[in-house]
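Engineer: My questions all concern the structure below.
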Amino acid sequence: MAETWTLLRLLRWTTDYFGEKGIDNPRLDAELVLAHVLKLDRVGLYLNFERPLNADELDAIRPLVKRRGQREPLQYLTGQTEFWSLPFEVTPAVLIPRGDTEILVEEALNHADAANGSLLDVGTGSGAIAISLATELADWQVTALDISSDALEVAARNAEKNGVARQMQFLQADLAELPQQQYDLIVSNPPYIARDEWDELMPEVRCFEPQQALLAAGNGLDCYRKLAAQARSRLQPGGWLLVEIGFRQAENVSQLFRDAGLQDVFVRDDYAGQPRVVGGCNK
């Protein structure tokens, strides 16, 4: 007679398995994998602990558990994540949006003074930053730029999902050659991981997220140099360049902005007290 796997039994087994694989929050990830396959929320899981799982359900759960055990990010397994309290599709073509990046969205809103402004998001990926800002700035025109056509397809679907496609434009281009236009705001979460930091990254990042969205030459500063060099010609008078930064980059990026002629350069910490955003104004 075949063994009976109740939801609770499988949840416990999966939690132990994830723990053995070094996953930080094994119980939470186990709940989310099971909830995704069974189309339940986490409360629904708890209300169905004693329900036996059928063969089809077990067959659907098994490969996702294996992939998570190999440290593939949970968001790629489910194909979705949340950012700025909005739903976003994610695929291996795009970086998974992080909560810390919401600081960049906050700062953009703090500097969005024009009633009918224009905004450029450089390296948009899933579109999380651009789309979040578009939902808050209904009268602004938002351009989302990325070098990856696959990423832009994901971003366009996310714009439709979140009801802002009409005010957005998607452009495939390299950040070294920004559009010949002046914007009120340019925002970017560019690649900023230096090559010698690569091996220190978590397996979820190093082995699965797109390398071109993470690695940058010049000790991780190359993209900031390129953005700063173009800022004054691509910003309206009084416009702002705002970028997310990595660990120990605040001083170097701030100096790059000043050397490029930007004024009122500032650093904004995230809620963990780490420098997260550098901004400068085209005065």
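Quick reminder: no glycine exception, Cβ is built from N, Cα and C everywhere.
Those TrEMBL annotations? Automatic predictions, nothing curated.
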Engineer: Among N110, N116, N189, which residue does TrEMBL name as a further S-adenosyl-L-methionine binder in the site formed by G123, T124, G125, S126, G127, D146?
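Structural biologist: Same S-adenosyl-L-methionine site in TrEMBL: N189.
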Engineer: What's the number of neighbouring CB atoms sitting within 10 A of the CB on G125 (S-adenosyl-L-methionine binding site)?
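Structural biologist: Looking across every protein chain shown, the total is 27.
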Engineer: Any idea what the Cα distance is from S126 (S-adenosyl-L-methionine binding site) over to P190 (substrate binding site), rounded to a whole Å?
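Structural biologist: Answer for this pair: 13 Å between alpha carbons.
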Engineer: So, three-state DSSP: helix, strand or coil for T124 (S-adenosyl-L-methionine binding site)?
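Structural biologist: Once the DSSP labels are grouped into three classes, T124 (S-adenosyl-L-methionine binding site) ends up as coil.
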